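S.K.: Encoded as structure tokens, here's the structure I'll be asking about.
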Amino acid sequence: MKLSPREVEKLGLHNAGYLAQKRLARGVRLNYTEAVALIASQIMEYARDGEKTVAQLMCLGQHLLGRRQVLPAVPHLLNAVQVEATFPDGTKLVTVHDPISRENGELQEALFGSLLPVPSLDKFAETKEDNRIPGEILCEDECLTLNIGRKAVILKVTSKGDRPIQVGSHYHFIEVNPYLTFDRRKAYGMRLNIAAGTAVRFEPGDCKSVTLVSIEGNKVIRGGNAIADGPVNETNLEAAMHAVRSKGFGHEEEKDASEGFTKEDPNCPFNTFIHRKEYANKYGPTTGDKIRLGDTNLLAEIEKDYALYGDECVFGGGKVIRDGMGQSCGHPPAISLDTVITNAVIIDYTGIIKADIGIKDGLIASIGKAGNPDIMNGVFSNMIIGANTEVIAGEGLIVTAGAIDCHVHYICPQLVYEAISSGITTLVGGGTGPAAGTRATTCTPSPTQMRLMLQSTDDLPLNFGFTGKGSSSKPDELHEIIKAGAMGLKLHEDWGSTPAAIDNCLTIAEHHDIQINIHTDTLNEAGFVEHSIAAFKGRTIHTYHSEGAGGGHAPDIIKVCGIKNVLPSSTNPTRPLTSNTIDEHLDMLMVCHHLDREIPEDLAFAHSRIRKKTIAAEDVLNDIGAISIISSDSQAMGRVGEVISRTWQTADKMKAQTGPLKCDSSDNDNFRIRRYIAKYTINPAIANGFSQYVGSVEVGKLADLVMWKPSFFGTKPEMVIKGGMVAWADIGDPNASIPTPEPVKMRPMYGTLGKAGGALSIAFVSKAALDQRVNVLYGLNKRVEAVSNVRKLTKLDMKLNDALPEITVDPESYTVKADGKLLCVSEATTVPLSRNYFLF
């Protein structure tokens, strides 16, 4: 066959397209992924026939599917489909704009070549349409004023050239093309008063009036034709005018030019206005605007925007970040940013803001206003964009901290790629591969295995932490695994979570300042939940799957969510309670814990852990902030790629069933959003002793950042930045002329290759291991850091998730109460962030 890589890529696209055709043929309304695959694969098939042109296929692509053939969200998610195909005259790009633009598609064309039956349009029954638009931006019907408080002048400009001339917003106007004639003296130190990154175009012979405003900041002109190079002052003005005359630049004095200042006055003749909706489309939402997170019912409102309207930094042809404009001159790498993310909406436990993010030496250097201080006000001193600065465009995107999954069974290395593709940048857990022990418990037991696990993950582009086995009632072996590199220990009932083991393990933890994670005794073999709590002796401990379906004292382990020294977490199979949650759990549990259906006691053990009422209570406890962390329990009763999506599914369900939180207004869900994002970012970082390095979008922390389109928030990131470098991203056909043609999928980037993956990441170990210099002994490329400040933690240290209700559980009915109030919600029959987005 002699297949090239691009042909293999297209085979995957074809398979997805044929799958979509099969679903369409049986009357299933397609989701986003299916619709894209069908349209793109059909374009390739028609191109192969060689009978249609690119233009004809661009038109045909708009007719294949209609609104009735796709789920209601799809027309809002799908703006264009691009694919490259082989035509008789070679490889060509086909772009289908607005592919879902009619009520019904031409199904015979959609199924052309598949030999599948064409379904009747009656199969696509009308359904109750959901008017929720994924990722929509909600703005007030009002305008913003640009460049307020600046000196302004209106000048007449005539083009005497024979070709078009286009001038960008931040180009120093005195420096423009010599064939534009106007009063250059009055234009000194001025630029166009138009939206940042837009332009004014002069066709040959055009004569038009333009409004100019003064440059701000240090008021230094650089670049252009260098006729006015230097600070704006009278001396330099005369030198500039001499250069204008001597170099033949068009100049014509305009004595009666209108001059004044821009101001907060709708009638000011110098003002330029932009409607909030247009502003949001160009630069992303601003203060007071709201964004829907994916297809959930959650609305995030921008609390603060660091941008100065009219001086936004945007990159591209004719845009702002160019030499002497948004990009400064004469600032060496030492004082300019390595990378800037422009105009991003940041969703973090600290707040929901809009800002530029500056990255330097792999760290978040600053959050605020970036740009060129020579022409802009408000540029942070450590956020200078220079010739050594890379730009990541954040306009219209959401940035969050990389997620932390702190309940990982290292069963297979492939879970790493699933994790990073979903937005996870830190993994904490234990294991050695698909051994029986690792399938059930998060323990890397021996020092040799600890060394090998640290070495085997050394080049992988995530932060890693490994937990040793803590199930021992004597101390010696625990000291050894901690010195070998364990950053925590795991107590698990499958190894023994008896009071003696608990007490010994916590005693060792106090000595080494590490966290203890516990899966308590479902069997109640050595005692009930109160006996385990007594064994804690008020010492800090992290309780895994604190509801109990994932394991723990039956039926009342959930009581620990009200204990001050306990840091409780959920695992994601029970997030949230849905109509199918109970039915899937029995077999999941039997496989995970090496149980036998033929043994009655094994079945009884399994059934004792699966309780609808306690799972419902878990929903409520997460919503009130009594459960502080959500993690996966990867491949051992948990899904590593769904930590983020299931967190937001829980938030959506709870808002739908209980309404807004008291801390939220009727207009936004900011507090609920901040509470839930803390569950997989800052709180697991605090609980495990590395919040000084990762866990939030804050200055000084590792630049582990995830970028999302609002419409795909919580499902499929646009880009994952690891240690300041792009590590994983949504990229299309590698052979294509541009990066967007299908198949677009999450792919490893340069930040994962060679030595970069390790260099951009951290291996977390104990202080004892760092003192042993395990990084040198093991030959690790990764930065190695010790966890710390764990042993004095309490629930009150869990950000926005510090509630301490008194919890009771009826041992017969399993009903749960908190502070005397029944905790009960119904199961969800549908959840967001699911069928609209995923192929399977």
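Here, residue 1 is simply the first one shown, and the rest follow in order.
The backbone N, Cα and C atoms fix where each Cβ goes, glycine too.
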S.K.: Of Lys490, Lys559, Lys821, which one does Swiss-Prot label N6-carboxylysine?
M.R.: Lys490
S.K.: Which of these, Asp256, Asp633, Asp652, does Swiss-Prot list as part of the Ni(2+) 1 site with His407, His409, Lys490?
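M.R.: Among Asp256, Asp633, Asp652, only Asp633 appears alongside His407, His409, Lys490 as Ni(2+) 1-binding in Swiss-Prot.
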S.K.: Can you match one of His545, His553, His585, His593 to the Ni(2+) 2 site that Swiss-Prot gives for Lys490, His519?
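M.R.: Given Lys490, His519 bind Ni(2+) 2 in Swiss-Prot, the matching entry from His545, His553, His585, His593 is His545.
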S.K.: If you measure C-alpha to C-alpha, which of His407, His409, Lys490, His492, His593 (recorded positions) come within 10 angstroms of His519 (Ni(2+) 2 binding site)?
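M.R.: Qualifying among His407, His409, Lys490, His492, His593: Lys490, His492.
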S.K.: Looking only at Cβ atoms, how many others are within 10 Å of the one on His545 (Ni(2+) 2 binding site)?
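M.R.: Around His545 (Ni(2+) 2 binding site), other Cβ atoms within 10 Å: 27.
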S.K.: According to DSSP, which kind of secondary structure is His407 (Ni(2+) 1 binding site) found in, if we only use helix, strand and coil?
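M.R.: His407 (Ni(2+) 1 binding site) sits in a strand per DSSP.
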S.K.: In whole Å, how far does the CA atom of His409 (Ni(2+) 1 binding site) lie from that of His545 (Ni(2+) 2 binding site)?
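M.R.: Distance (Cα to Cα, whole Å): 14 Å.
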S.K.: Excluding His407, His409, Lys490, Asp633 themselves, which residues in that chain have a Cβ inside 8 Å of the centre of the Cβ atoms defining the Ni(2+) 1 site?
M.R.: Val408, Gly429, Gly430, Thr441, Thr442, Asn517, His519, Tyr544, Thr571, Ser631, Ser632, Ser634, Ala636, Gly638
S.K.: Fewest other Cβ atoms within 10 Å: which of the recorded positions His407, His409, His492, His519, His593 wins that one? Let me know.
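M.R.: So among His407, His409, His492, His519, His593, the recorded positions given, the one with the fewest Cβ atoms within 10 Å is His593.
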S.K.: Average the per-residue pLDDT over the domain 'Urease' (402-840) and send me the rounded value.
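M.R.: Averaged over the domain 'Urease' (402-840), the predicted model reaches a pLDDT of 96.
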S.K.: What is the number of other Cβ atoms found within 10 Å of the Cβ of Asp633 (Ni(2+) 1 binding site)?
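M.R.: Counting Cβ neighbours of Asp633 (Ni(2+) 1 binding site) within 10 Å gives 29.
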